[in-house]
Each structure stands twice: as structure tokens, then as C-alpha cells.
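*Asks:* According to TrEMBL, the record shows the following:
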type: TRANSMEM; residues: B:20-42; note: transmembrane segment
type: TRANSMEM; residues: B:77-101; note: transmembrane segment
type: DOMAIN; residues: B:78-270; note: domain 'ABC transmembrane type-1'
type: TRANSMEM; residues: B:113-137; note: transmembrane segment
type: TRANSMEM; residues: B:149-169; note: transmembrane segment
type: TRANSMEM; residues: B:190-215; note: transmembrane segment
type: TRANSMEM; residues: B:249-270; note: transmembrane segment
Amino acid sequence: MKARINGIDKREEKHFFLFISPWLLGFLIFTLYPMVFSIILVFTNMDMTGSGQFVGFANIIRAFTEDPLFYRSLLNTLYFVLVSVPVSLLAAFLIALLLNQKLKGVGFFRTSFYIPYITSGVAVTLLWGWIFNAQFGLVNYFLSLFGITGPNWLSDTRWAMPAIIIMGIWTIGNSIIITLAGLQDIPEALYESAEIDGASSFVKITRITLPLVTPTLYFNLVMGIIGGFQIFMQPYILTEGGPSYSTYTYMMHIYNSGFKYNEMGYASTLAWLLFLVIMIITQIVNRTSRHWVYYDN
Amino acid sequence: MEAYYKSKRTSDRIKTSLSYGVLTIIAVIFIFPFIWMLSTAFKIPSEAYTLPPKIIPNTFTWDNFVQGWQYADFTRYTWNTLIVTVLATLGTVLSASFVAYGFARFKSRYSGVLFTVVLATMMLPSQVTLVPTYLLFTKLGWLDTLKPLIIPSFFGGGAFNIFLLRQFFKTIPKDLDEAAYIDGANAFQIYYKILMPAIKPALITVGLMSVTFHWNDYMSPLIYLNSDQNFTLAIGLQFFQNSFGSSQIQMLMAVSLITVIPVLILFFIGQKYFVQGITMTGIKG
């Protein structure tokens with residue numbers, strides 16, 4: 001009896017490994033091996049051809065003591081994350097609240113908010129470059145209607161990053177839909193009983209909606225942080241990191257170090273340092289989450 | 001009491017119209033950039049650079065599309081992008097469903113650990129593996145070919161897709177498989193004859209998300225492609241902007257519009273599935 005069960009188990013195990021084999025191979029080749037290799041690279045000065053020597057901690061020391069762009073790009077990226085993530089989160093929540101009402105034509109609005117996200121690529125980035133054009137762009141024209149002379153957005157050190165943040169907030173469609181799904185999971189009965197108790201809309205939102213949607217907000221927050229730290233395409237295309245490094249992001253520094261200056265060892269070091277920063281920040285968010293994220297069980 | 005209901009109805013009506021007003025304003029903000037793109041694409045140069053900006057141009061022209069398209073080899077870029085998108089999506093859907101079937105239906109001593117590894121890889125930022133992966137593709141001789149953009153998709157199709165499809169397989173009763181086993185079907189036949197058709201909506205969702213991802217992808221083509229003949233649209237567009245863009249905005253917008261339209265059409269056809277996919281993303285959290 002036991003042998004037969006073992007026999008079946010073995011056959012099942014064989015099947016299991018057969019079917020997961022594409023992933024297992026992919027994991028070994030495209031994740032595990034590069035990760036290990038990448039750790040080794042941290043301690044070398046390897047270039048694109050794969051030749052280089054062991055340099056100990058030189059790359060790490062260089063990042064902290066000899067590379068002003070390390071701090072600069074890190075601070076720029078932090079600036080981006082600290083502004084765009086909370087604003088996006090709040091905006092997505094408010095828009096989702098509006099969409100969560102029993103209104104006709106909600107589908108049309110949902111579509112409008114989602115389209116920027118689905119199309120976000122080089123074409124749409126170039127479109128924003130035109131919208132932020134100092135002389136003929138839409139933004140400055142709109143401001144001029146109120147008598148405001150708009151800045152030279154993308155060529156002004158103070159305004160280039162805000163411009164990129166604005167563009168980022170425009171693509172919050174996915175967080176809106178995720179938040180909306182979270183809102184729709186809240187049982188209607190809770191609102192009905194609150195209504196019987198005479199609760200106002202404000203009380204309903206702050207006492208029922210907000211606590212119950214916190215798991216979704218938490219998810220959006222963590223994804224926003226991880227995504228925000230990897231911002232690359234928009235500043236790379238619109239400003240190439242300029243003017244005077246005001247939009248030079250951390251991901252751009254990794255890219256330039258590795259693929260422009262051919263320093264693969266240093267690029268790997270920067271990548272791991274970014275990984276550490278992201279880990280630390282998400283861990284902090286995770287720690288605080290038990291104070292504000294509401295869990296059912 | 002009646003007065004209470006009357007006032008409540010009035011306040012509801014005010015709330016509703018207020019909501020519509022606010023939603024409309026926000027919708028305009030979200031959509032207007034595209035209208036601006038459309039309008040610029042049909043303008044003659046002198047009108048593109050005019051103040052105040054006009055939404056409907058005085059003189060409509062198709063020249064921007066024709067000329068812009070000819071400035072660089074956009075037909076070639078489109079073809080490359082199409083190859084990458086179609087093949088990578090095929091790889092994603094096939095291999096993610098294949099692997100998900102393994103995780104959903106077969107038990108092993110290692111299935112728990114390995115599935116945890118799948119989930120863990122979702123958290124790993126791509127830049128950590130960026131440089132070694134590049135060196136690996138260089139060694140394989142894949143540099144400046146479309147291979148690095150396509151072939152990895154056939155190895156699992158991405159952790160998130162595996163996770164998503166596994167959840168779907170799990171919703172289908174196992175009795176269905178067992179009945180087929182008794183009828184003499186093997187594990188492969190059950191996978192593609194019974195389970196794949198049963199989760200078609202989920203497969204479409206994964207497919208559509210993969211199409212938009214690969215169509216819009218910028219980072220990988222930027223790293224792996226060097227020569228003009230291998231460019232995808234994303235790289236081609238940037239190349240075009242660097243050469244002519246700042247002085248030929250109407251052409252840049254025309255070409256950009258052409259590259260956005262396929263995604264938009266696809267979105268309108270498969271809207272339901274896109275929303276489904278995004279909603280499922282949230283459930284994960």
C-alpha cells in the first residue's frame with residue numbers, strides 16, 4: 001500500500017517538475033545566476049567585455065565618498081517618490097470614491113482615467129514634452145489665461161522635476177481601478193446600518209470606507225514606492241537628467257555607469273545599494289502598517 | 001418625515017450633479033493631452049507654433065504622417081515591434097499557463113518552497129539582475145538582435161502571470177481533470193483541452209497586458225539594440241525626436257499618434273479584460 005502511494009507521489013512529483021520546468025530554468029538562468037553574478041560584480045571593476053579585477057570594497061567606498069552623483073541622483077529620486085507617491089495615492093482614492101457611486105456612465109470615466117496608463121510609453125512622454133513647451137505648450141497657455149507666466153518647465157532646475165511628477169500623476173489609472181475594486185469589496189450592509197444610526201457622509205467615509213480600504217491603499221503605496229525608485233524613461237527622454245542634474249534619477253545613474261561609461265562593476269554596486277534602500281523603506285512602511293492597515297482576521 | 005426624505009432627495013441630487021461635474025473636469029484633464037496630440041498631428045508647421053493654440057486647425061494636412069513616417073524607417077520599427085510583441089506575448093501566455101498548471105495541480109515536497117520563490121521574485125527590482133543579464137546576452141551573441149526581448153518570455157512568462165493563472169486554475173474543480181484521466185487523457189491533454197479553454201478570459205487578460213507592456217517597453221530595447229534596422233518603435237521615436245523633433249513638433253506628434261493608436265484600439269476591444277487584470281492585481285495585495 002505504502003509503496004503504491006509513494007509510486008503515485010513520485011509520478012505526481014515528476015509531473016510537477018515537468019510543468020514548472022520552464023519557470024525553473026528561467027529562474028536559474030535569468031534570476032538566480034544574475035543575482036549571484038551581480039554580487040560578485042560589486043567587488044570587481046568589470047567592463048562590458050567581462051574582463052576586470054577584484055577590487056574589494058572600492059566600488060562601495062566610491063559610491064559613498066567619491067561620487068557626488070550618487071547622492072544627487074538618490075536625493076532626486078527621493079524627491080520624486082516623496083511627492084508623487086502620496087499625491088497619486090490621495091488622488092486615486094478621491095477619484096475612486098467618486099467612481100464608486102451609483103452614477104450612470106461610470107464606464108466612460110473609468111476609461112478616460114485608464115487610457116493614460118495603458119498608453120504610457122515613449123509616444124506619450126514626447127507628448128508631455130510638447131505640453132510643457134515653454135512658449136507654445138498647453139500648460140503655460142492655460143496659466144496665461146489666469147495672467148500667470150509659466151516657467152520654462154523642462155529647462156528650469158526648479159520646475160523640471162515637478163513637470164515629471166505631474167506627468168507621473170497623470171498615469172494613476174491603474175491605482176484608481178485597484179482602489180475602486182477595494183471600495184467595491186466593502187459590504188453595503190455596513191453603510192446601511194450606519195445610515196440608520198444617522199451617520200453623515202463624512203463619518204461614513206472616515207469610519208467605514210477609509211479603514212476598510214487601507215489594505216488596498218497599502219498595496220498601492222508599496223507598489224508606488226518600488227516603481228517610483230525605478231523612474232527612468234520619462235526624465236531620460238524629456239531632459240536627459242538635466243538641467244544641471246535636477247532630474248538625474250538613480251536608475252539613470254545605474255544606466256549611465258554601466259552602459260555609457262562601461263563600468264559594470266560599479267553599476268551593479270549602485271543597483272544593490274538601490275535594492276537596499278527600497279528594502280529599508282518598504283520595511284519601515286511595513287512596520288508602520290500594523291498601526292494603520294485594517295485586517296479582517 | 002416626508003420633509004426629511006424630500007431634503008435628502010434634494011441633497012442627493014446636488015451630490016450627484018457635483019460628482020458629475022468634478023468627474024467631467026478630471027476626465028477632460030486625462031483625455032485632453034491626446035486631443036492636443038491629434039490636433040497637432042494635423043497642423044501645418046506655422047499653425048503648430050501659434051498662440052493662442054488652436055484645437056481645430058485652420059488647415060488640415062496629412063503631410064505630417066507621410067513625411068514623418070519617411071524621415072526614419074518607421075515601417076521597419078513597426079515590424080520589429082510587432083514581432084517582439086506577438087512572440088513575447090505568445091511566450092508569456094503559453095509558458096505562464098503551463099507553469100501555473102504545474103503549480104495548481106501537482107503536489108511535490110518542493111511545491112510550497114518553489115511557489116514562495118515565485119512570489120519572492122516579484123519583489124526583486126529588475127536593475128539588480130540588469131548588468132549580469134546583459135553580459136550573459138552578450139556572451140550568447142544576442143546583442144543587437146530581438147532575441148533578448150523575446151526569448152526570456154518563454155521561460156515562465158513572469159512571476160505575476162504565473163500567480164494569476166494559478167489562482168484561476170484553482171477555481172476549476174479537480175473532478176474535471178479526474179474524469180478525463182479515467183477516460184485515458186494524459187496531463188498534457190488535460191492542460192490544453194480542458195483547462196486552457198476553461199480559463200480563456202484569464203488568458204486574454206494576461207495576453208493583453210503583455211501586449212501593452214511589450215509594445216510600450218523602452219528600457220530593454222534601449223539596452224540591447226544598437227543598429228537602426230533592429231530598432232523598435234520606442235527607440236525609433238526617441239531617435240526621431242533627437243534628430244528632428246524639437247523643430248518638427250507636428251511630425252513628431254503624427255508619428256507618436258500612429259504608434260499609440262494600436263494600443264488604444266486594443267484597449268477599446270478588450271476593455272473588460274484590462275480592468276479585470278488590474279482588479280486582480282489589487283486582490284493580490
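A Cβ is built for glycine as well, from the same backbone N, Cα and C atoms used for every other residue.
Because the structure is a prediction, the values reported are computed rather than measured.
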*Asks:* Which bits of the chain, at least 6 residues beyond where the transmembrane segment (B:113-137) starts or stops, bring a Cβ under 8 A of a Cβ in it?
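*Replies:* Contacts of the transmembrane segment (B:113-137) (Cβ under 8 Å, skipping residues fewer than 6 from its ends): 103, 143, 147-148, 159-160, 162-163, 166, 223-224.
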*Asks:* Hey, does the transmembrane segment (B:190-215) touch the transmembrane segment (B:20-42), meaning at least 3 C-beta pairs closer than 8 angstroms, sequence gap 6 or more?
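*Replies:* Counting Cβ pairs under 8 Å (6 or more apart in sequence), the transmembrane segment (B:20-42) does not reach the transmembrane segment (B:190-215), since there are fewer than 3.
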*Asks:* Short question: most Cβ pairs under 8 Å with the transmembrane segment (B:249-270), which of B:77-101, B:149-169, B:190-215?
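*Replies:* Top-ranked stretch among B:77-101, B:149-169, B:190-215: B:190-215.
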*Asks:* Mind checking which residues of the chain, 6+ beyond the ends of the transmembrane segment (B:77-101), have their Cβ under 8 Å from one of its Cβ atoms?
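*Replies:* Hits for the transmembrane segment (B:77-101): 146, 149-151, 153-158, 161-166, 168-169, 191, 195-196, 199, 203, 206-207, 210-211, 214-215, 230-236, 259.
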*Asks:* Take the transmembrane segment (B:190-215) and find every residue of the same chain, 6 or more past its ends, with a Cβ under 8 Å from one of its Cβ atoms.
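*Replies:* For the transmembrane segment (B:190-215), the nonlocal Cβ contacts are 81, 84-85, 88-89, 92-93, 96-98, 101, 149, 153, 157, 161, 164-165, 168-169, 172, 176-177, 180-181, 233, 262-263, 266-267, 270, 273-274, 276-277, 280.
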